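**Q** Structure provided below as structure tokens; questions to follow.
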Amino acid sequence: MNFNHHFTWSLVIISQIFQVQAGFGDPREALLEIQQKHGKPCDCAGGYVSSPPTNSLTTVSCSTYTAYSVTNSLKWQCVSTPTTASPTHIGSCPSQCNSQSYDSVHATCYNHYQQCTIGNKTYLTATMIRDKSPSSGDGNVPTILGNNQNLIIAGCPENKKGQVVCWNSQPSVHMSDGGGPQDKVREIIVNKKFEELHKSLFPELSYHPLALPEARGKEKIDAHTFDLLATVHSLLNVSSQRQLAEDCWLCLRSGDPVPLALPYDNTSCSNSTFFFNCSNCSCLITPPFLVQPFNFTHSVCLYADYQNNSFDIDVGLAGFTNCSSYINISKPSSPLCAPNSSVFVCGNNKAYTYLPTNWTGSCVLATLLPDIDIIPGSEPVPIPAIDHFLGRPKRAIQFIPLVIGLGITTAVSTGTAGLGVSLTQYTKLSHQLISDVQAISSTIQDLQDQVDSLAEVVLQNRRGLDLLTAEQGGICLALQEKCCFYANKSGIVRDKIKNLQDDLEKRRKQLIDNPFWTGFHGLLPYVMPLLGPLLCLLLVLSFGPIIFNKLMTFIKHQIESIQAKPIQVHYHRLEQEDHGGSYLNLT
């Protein structure tokens with residue numbers, strides 16, 4: 001009895017020590033695998049399509065194209081935004097513009113559009129290619145314009161497919177055309193108002209010294225970029241995927257940066273007093289910049305009512321998430337400042353660090369992460385330092401998004417701070433990224449205010465990065481429109497590519513010094529890829545007829561031996577039985 005008692009308690013203790021996952025494995029690992037497969041919105045893992053999918057969960061604006069999360073595969077498919085047929089020419093509007101025009105038309109309703117004028121008013125005109133119903137807000141939640149005017153996303157004119165229609169060039173308040181020309185006009189208007197606001201709060205000096213770009217060596221990197229990469233690498237060192245930090249490549253996307261926006265994990269921001277009595281809020285005014293909303297499902301949304309069309313700053317509606325609850329910030333007495341390390345993400349997924357008193361629209365609070373991908377060191381990467389003598393097919397490189405490498409996606413999805421590092425530890429990286437955006441925008445603005453000849457330099461350095469590719473002897477390795485930096489246990493290795501290039505250069509010199517390799521006046525490297533197929537063809541032509549004749553002879557002998565073989569009939573004598581006596585009886 002005593003033995004059974006101890007045995008029972010031993011089983012209880014062991015069951016508490018070892019964690020058992022029921023089912024087919026850890027669901028967090030499955031979620032991580034799914035998110036890695038689907039990728040980020042602007043990566044377009046589902047490819048580029050000509051028309052938007054019929055069923056999609058959410059949409060994300062990516063500047064020149066729109067990403068759709070397809071229902072059946074959950075991969076992001078991208079559709080290019082329509083372009084103007086003639087950007088410099090404004091013609092006359094069709095006659096039907098006099099009788100009928102629309103407030104807004106969705107960008108997926110046409111492929112190209114054109115500006116036109118009639119009666120001193122500018123319209124947009126295009127030929128409709130599809131039908132689409134407008135989408136409205138729910139009647140049981142607060143809306144910006146009230147329940148009677150809660151239109152959010154414009155649609156296509158009804159029964160106008162194949163016909164030319166006209167609509168206003170100026171955007172309507174709180175109505176989006178899906179990343180079309182009206183949304184672009186709204187962004188320009190908002191940017192100008194923020195520039196005016198910034199100049200009024202921080203007056204410029206009357207004299208600016210000439211700002212010339214700093215000449216950097218081939219092995220130098222922009223300070224902001226290096227600090228950002230170093231911070232990311234330090235986070236990898238303390239995350240659940242710390243083995244990646246020992247040997248990996250950190251890849252930045254070339255072009256304008258589009259950071260990832262994650263839901264702000266703070267339950268204290270569920271009421272308006274959190275924003276107006278915020279002790280860690282700094283009113284840092286930055287121009288609105290594009291972000292990629294990631295893992296937004298049900299969020300606490302901020303909204304401000306429409307007040308006056310001539311003075312309000314319409315930041316649009318956050319259509320990439322479902323608002324589970326709303327916080328009314330209408331007619332605030334003071335500007336709204338985002339807490340440190342966070343931003344307001346509003347319509348067309350534009351991020352703001354500061355919202356003035358006359359803003360209107362709806363936004364959500366988010367934390368930023370840089371759009372950085374990781375390549376494990378075990379993954380072979382091409383080093384474009386020398387010409388390859390033998391043709392090799394290019395293989396796809398498997399990039400791991402930073403948000404997955406740090407284990408943030410599973411922590412956000414499960415509502416925990418688990419998988420290695422708490423979400424609060426990423427605030428430093430988000431704050432650094434926001435400050436970097438501010439520094440880049442300030443530098444660009446200073447350069448734009450100077451000599452016109454620097455305009456091209458400004459555009460080339462829009463990112464604030466000095467990205468020199470491997471062909472130029474720099475520290476950046478260009479892979480699939482990304483710039484990759486090598487890192488190990490000690491941090492970012494500045495001379496990794498240079499060492500690889502030196503090794504490859506030594507091998508090339510060894511090949512050049514080999515007389516066999518330099519034979520035929522240097523034509524041998526180009527003949528070598530053909531030697532394999534030529535040798536195979538020569539072997540076939542040489543031994544093919546012999547093998548064929550041997551095979552035919554063998555088959556012929558087999559047939560002849562079968563034909564010459566006599567047919568044997570197997571039989572045996574029948575035994576006679578003796579019944580009774582003899583048939584002849586001699587007397």
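The backbone N, Cα and C atoms fix where each Cβ goes, glycine too.
According to Swiss-Prot:
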SIGNAL    1-22  signal peptide
DISULFID  C248-C251  disulfide bond
REGION    399-419  region 'Fusion peptide'
COILED    420-470  coiled coil
REGION    459-475  region 'Immunosuppression'
MOTIF     476-484  motif 'CX6CC'
DISULFID  C476-C483  disulfide bond
COILED    480-516  coiled coil
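For each feature listed, report its degree of burial, its nearest neighbours and the pertinent distances within the displayed model.
**A** There are 24 other Cβ atoms within 10 Å of the Cβ belonging to C248 (disulfide bond).
C483 (disulfide bond) carries a strand DSSP state (E or B).
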**Q** Write out the long-range same-chain contacts of C251 (disulfide bond), meaning residues 6 or more apart in sequence whose Cβ is under 8 Å from its Cβ.
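**A** Non-local contacts for C251 (disulfide bond): I372, D373, I374, I375, F399, L479, K482, C483, C484, F485.
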**Q** Ten-angstrom check, please: count other Cβ atoms within 10 Å of the Cβ of C483 (disulfide bond), all chains counted.
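**A** Excluding its own Cβ, C483 (disulfide bond) sees 23 Cβ atoms within 10 Å.
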